[in-house]
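Peer 1: Pasting the feature list from TrEMBL:
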{"type": "DOMAIN", "residues": "22-292", "note": "domain 'Thiolase N-terminal'"}
{"type": "ACT_SITE", "residues": "Cys106", "note": "active site, acyl-thioester intermediate"}
{"type": "DOMAIN", "residues": "299-438", "note": "domain 'Thiolase C-terminal'"}
{"type": "ACT_SITE", "residues": "His396", "note": "active site, proton acceptor"}
{"type": "ACT_SITE", "residues": "Cys426", "note": "active site, proton acceptor"}
Amino acid sequence: SMAPVVSTKSKKTLSKTGVKNIVLVDGVRTPFLQSGTTYADLMPHDLARTALQGLLNRTGIPKDAVDYIIYGTVIQEVKTSNVAREAALGAGFSDRIPAHTVTMACISSNQAMTTAVGMIAAGQCDAVVAGGVEFMSDVPIRHSRKMRKTMLSLNKAKTLGARLALLGSIRPAHLAPELPAVAEFSTEETMGHSADRLAAAFGVSRREQDEYALRSHSLAKRAQDEGLLSDVVGFKVPGKDIVSKDNGIRPSSMEQMAKLKPAFVKPHGTVTAANSSYLTDGASAVLIMSEEKALALGYKPKAYLRDFVYVSQDPKDQLLLGPSYATPKVLERSGLKLADIDVFEFHEAFAGQILSNLKAMDSDWFAKTYMGRTSKVGSPPLDKFNLWGGSLSLGHPFGATGCRLVTTVAHRLKKEGGQYGLVAACAAGGQGHAMVIEAYPQ
């Protein structure tokens, strides 16, 4: 690939010869709510539709000016398996705009955005809407495999005798339901358990984790109070009030947090409900265009979407280390150093996971032993890191977080006067992602 034109001294733009400039025009999201609260009776496409309508309202884009729509989601509602299409139709987009849904754990909406970038770069599209949705208030709970087998056979049974024989074969044990779990299929380990082991491996204490979680909630509260979370669009929930803000932001105290018992590794684990992200309902959407198209339509873009990478590691011991692997890789692609980045937005799955990644990134030993690199990439300075809160406090609807991160970087770059931002996230399966974002010249 062509080398980017970068001189870090004068902070030149990261545009590449022969590659289209691709921009983030705008991004919105529904309020992120704890599962089982005001959104409890909705369906995922209701949230996704609301985010799409918010994007239509905010950008004023004609409903047929978009070439394609892509959504990310993790736990699928069976009735709307291509939730992108159902949400797009519900939002009033032209029925001639194709839509598809992607899944890649916590980086599903990142995958939606980079797929959009790829389509635009390939010259197939000029304007793509990408987004993500997750609805944990209702998840598919299945009958057991034996029970499903019996029910499918009953469907085919021709005679009363055959039906009665099948019904007679049902045992009480067959009636136990199967619930989806936040666990790795390949290792059968829950993610919280893995996070606890990771924190132990990097020597991250319970106190450090609680302090980091408190920081996240305090920063989120301040950002909310100061009106900085401008990507949030209000939502009139049928039969309920208008929801206009995230409801999981709860700055506690170190004393209160210290009372909680470990949630996964008992009795000595360090990961608790207070220093982990919680089950969240929410949706997000962004409008991505070639710079040419955006300017032709009269838009003032918010940011350039630049280099991105996906990485993958061992899902047993390196499940949540995606940011440590992805960051040096994406910086290298961009010809940047960690010190060139003005704004960091990392997905906070667990406080222990964030702190472990910061330690891994600051370790020459880790860089040499696990990444085959000569030296460490360095740890992002906390005064540039997740300054408006993060997944621990704002909430983490699996499929929707990626767009929140990217939109927040664009807004922070503008507010703080920075030029380069970095998004990074870990994901189930031992995968990860990072993207460099460049401020659009004001």
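Glycine is no exception: its Cβ is also placed from the backbone N, Cα and C atoms.
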Peer 1: Could you give the number of helix, strand and coil residues in the domain 'Thiolase C-terminal' (299-438) as assigned by DSSP?
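Peer 2: Breakdown, helix to coil: 58 helix, 35 strand, 47 coil.
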Peer 1: Where His396 (active site, proton acceptor) and Cys106 (active site, acyl-thioester intermediate) are concerned, what is their Cα separation in Å, rounded?
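Peer 2: Counting only the Cα atoms, the answer is 9 Å.
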Peer 1: Find, for the listed active-site residues Cys106, Cys426, the residue with the lowest Cβ contact count at a 10 Å cut-off, counting only other Cβ atoms.
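Peer 2: Result for the active-site residues Cys106, Cys426: minimum number of other Cβ atoms within 10 Å at Cys106.
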Peer 1: Mind giving me a neighbour count for His396 (active site, proton acceptor)? Other Cβ atoms within 10 Å of its Cβ, every protein chain shown.
Peer 2: 26
Peer 1: The domain 'Thiolase C-terminal' (299-438): mean pLDDT?
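Peer 2: That region's mean pLDDT is 98.
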Peer 1: How many whole Å apart are the CA atoms of Cys426 (active site, proton acceptor) and Cys106 (active site, acyl-thioester intermediate)?
Peer 2: 7
